[in-house]
Amino acid sequence: MSNGALPNRSDVWLQSLGWQPTPEQEQQFERLFQLIVQANQQLNLTRITDPPDFWEKHLWDSLVGIAPWLQPDSSIQRQVSFSVDHSHPLKVIDIGTGGGFPGLPIAIIKPTWRITLLDSTQKKLAFLQQVNAELGLENVETCCDRAENLGQQSPYRESFDLAVIRAVGPASVCAEYALPLLALQGYAVLYRGQWTAEEQEGLVAATSKLGGELIAVSPVKMPHSQGIRHCIYLRKIKTTDPKFPRRVGVPARKPL
């Protein structure tokens, strides 16, 4: 079990995202860290429990994907060539949330947004419900299901403004999970490590079949480890064909 507190990285938040958490949000981040570490031995939530690594790979990494929504000018700061509407709260789904990332950090800093944490493991979701109560988060709900099922169900299908998906599978598979859940003009953020031209070609082809388009690929340097991450942004531009998503397991076995 890891000991110690999260590092204070207020300067890094500001330099990298043009944004800083409030003192209350910093306290919620710290409490989230402690709760994850305490439960980790029983639930196997994450291999990352060292405080600096947790800050970078779970907190900073979760929020870098929504940089365009943090500040009106952050799309310029993050070299993302599109602008978003900051005038209304968003309805968000975190697909395959696991230990609650990126959904919980997003819920902490965006209390007016409605966040749905989707996962197929009820034990993890039961823990996340306890975390929500402990952190006083009233804008989070959990859903135990598979994205392939949820994407075919009302009221979930084509109802979300934003889908975030991290460490779930190949990009084209993530697109099939996410795009059917998005309302028209909704966005999906795919959190990736390395990114290749071949992956991009496959994603563009899959996205076009699902009613979406690839609008930006944003490479970002991690502030502590100096590794490169990529945030892939998709936009829903037309209604998804009713045959998508396909049955549970099919997208992963037979990617578009």
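Cβ coordinates are placed from backbone N, Cα and C, and glycine is handled just like the others.
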Looking at Swiss-Prot, which one out of ARG166, ARG192 binds S-adenosyl-L-methionine in the same site as GLY96, PHE101, ASP119, SER120, THR121, ALA147, GLU148?
ARG166
DSSP secondary structure for GLU148 (S-adenosyl-L-methionine binding site), reduced to helix/strand/coil, please.
helix
Distant-in-sequence Cβ neighbours of ALA147 (S-adenosyl-L-methionine binding site), under 8 Å, six or more positions away:
ILE95, GLY96, LEU118, TYR177, ALA178, LEU181, PRO245
Is it possible to get the count of other C-beta atoms within 10 angstroms of the C-beta of SER120 (S-adenosyl-L-methionine binding site)?
14
May I ask you to report the DSSP-based helix, strand or coil state of PHE101 (S-adenosyl-L-methionine binding site)?
coil
